[in-house]
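Quick look at what TrEMBL lists:
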BINDING   B:GLY166, B:ARG167, B:SER168  NADP(+) binding site
DOMAIN    B:7-121  domain 'Tetrahydrofolate dehydrogenase/cyclohydrolase catalytic'
DOMAIN    B:140-278  domain 'Tetrahydrofolate dehydrogenase/cyclohydrolase NAD(P)-binding'
There are 2 protein chains.
Amino acid sequence: MDQPLILDGLRVAEDIKRKVKEKVAGLKEKGIVPCLATILVGDDPSSATYVRMKGNACRKLGIESIRIHLPKETTTEELLATIHELNDRDDVHGILLQHPVPSHIDERKAFEAIHIDKDVDGVTSLGYGQSAFGFGLYPSCTPAAILSIMDYYQLPIAGKHAVVIGRSPILGKPVSQLLLNRNATVTICHSYTQNLEHHVKQADIVVAAVGKPRFVQGDWIKPGAVILDAGYNKGNIGDVDYDACVAKSGAITPVPGGVGPVTIATLVKHTVEAAERKATLQAQ
Amino acid sequence: MDQPLILDGLRVAEDIKRKVKEKVAGLKEKGIVPCLATILVGDDPSSATYVRMKGNACRKLGIESIRIHLPKETTTEELLATIHELNDRDDVHGILLQHPVPSHIDERKAFEAIHIDKDVDGVTSLGYGQSAFGFGLYPSCTPAAILSIMDYYQLPIAGKHAVVIGRSPILGKPVSQLLLNRNATVTICHSYTQNLEHHVKQADIVVAAVGKPRFVQGDWIKPGAVILDAGYNKGNIGDVDYDACVAKSGAITPVPGGVGPVTIATLVKHTVEAAERKATLQAQ
């Protein structure tokens, strides 16, 4: 068998960022600076790191980043008020609410409050529905990143059998819809799935989005399968037992350096697209 | 093997209608008459029949039905204007735009124009997203009908492997999401699926939503599988080769008398729920 292809997320992210830079330069000529507002509620250290990484990625590309840090006692109403304010601000093109928020907050209600034009992280039910129906502007970032990696490496999707493990609103569900729209046959597995191994063994494409370290085992993998690991567990460990799976796979994303950096690049890309779209609409 | 259970859609529909009648009576005491507006564009005889059936089902249960019939030359803009008018009307609780509209009209744009509160047929991307995320009010009617039939006959869903053939926005996609939310493992197949038979053979639950007469073959069926035939082709023929499949199945919907009548009952039920919800919101 051929050597497995290691899918280098940093390379894909660089490719996306190169195009983003060009767009940012074009917008600056028109006097427009794209701007992402990030909202962090509470003091979870991983969440704080993620938000910082996203803000830094923006600034490196000349994109404004407004960081809003709310105390952990913030109420749903207060968070909604912040989101509404950002919806109304002319200089803000994208809004990212870092998941998870403290458990006393109605997170879904907060996500739903983000205006569709600024939902660059792809978290609203409307954005999900539009993407599922094939006309969404900003699909959820990790699912979009997975597709970008496959496209960058020209891995075929149409007619392939994709097995997605996980069904969260920002990962398992939307990646299933994107793969389906690219003409894959899609199986969605989750905690109630019986005989998960049996399903994964049939997959040409495996998307691991389950949130459990090294969950996907080497002997579950059909030889030559493409493995996309969207997991990011403590200690930089993915949802896939990489060492056990790599040799059997046809192509695989490592963790770190796989889906993660492409997700962040996608968020930045969506923010710039939102700024471009607004400029186009205003010029009309 | 046990005799297959024939899933009697008329019986399920009667059960739904009985509850609808009670709700209608309750609303009438408050001086509210639920009202469904149906829009038919053009002269397709099957579409005209469907719209008439839906209107009749309403009237039999004491629900008002406004039938709007637009000529086949109607433009997208004219259709949108009609929908906006119905959105604004206080006496209209649900809006049904009969699919398909003439090909020169942007059908998706028209569907999307229906206000979410009146989207009793479950056609908007927002309604789809909300149902997929588990908090939708009015899922697409045929998918909801399929779930109602399974629930009426107490057929288990959680942990079962459901194979859905078809991925339309009003049928294959939403039924996949509803089954997924009820903890089935779900595989979505379509025209690009390779070796469809192989997938269907593994299914505990088969949903046929492909729009091709007698498409699903008897030797594709795993013994004891539950078969839900959402097809309704010319000459009252389903998507399943009933005679070939019935003996192998554990339970099966016939055509006619299966999913069809429950779909109509579901539309009526959603309309009454929309009227109830509006009354509740106004009372607050």
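From the backbone N, Cα and C atoms, a Cβ is placed for every residue, glycine too.
DSSP gives B:ARG167 (NADP(+) binding site) a coil state; it is part of no helix or strand.
Each of B:VAL164, B:ILE165, B:PRO169, B:LEU171, B:GLY172, B:LYS173, B:ILE188, B:HIS190, B:ALA209, B:VAL210 belongs to the same chain as B:GLY166, B:ARG167, B:SER168, is absent from that list, and has a C-beta within 8 angstroms of the C-beta centroid marking the NADP(+) site. Per DSSP, the secondary structure of the domain 'Tetrahydrofolate dehydrogenase/cyclohydrolase catalytic' (B:7-121) breaks down as 60 helix, 18 strand, 37 coil. The least crowded of the binding-site residues B:GLY166, B:ARG167, B:SER168, judged by other CB atoms within 10 A of its own CB, is B:SER168. Checking the binding-site residues B:GLY166, B:ARG167, B:SER168 against chain A with a Cβ-Cβ cut-off under 8 Å leaves B:ARG167, in sequence order. On the 0 to 100 pLDDT scale, the model's mean across the domain 'Tetrahydrofolate dehydrogenase/cyclohydrolase NAD(P)-binding' (B:140-278) is 97.
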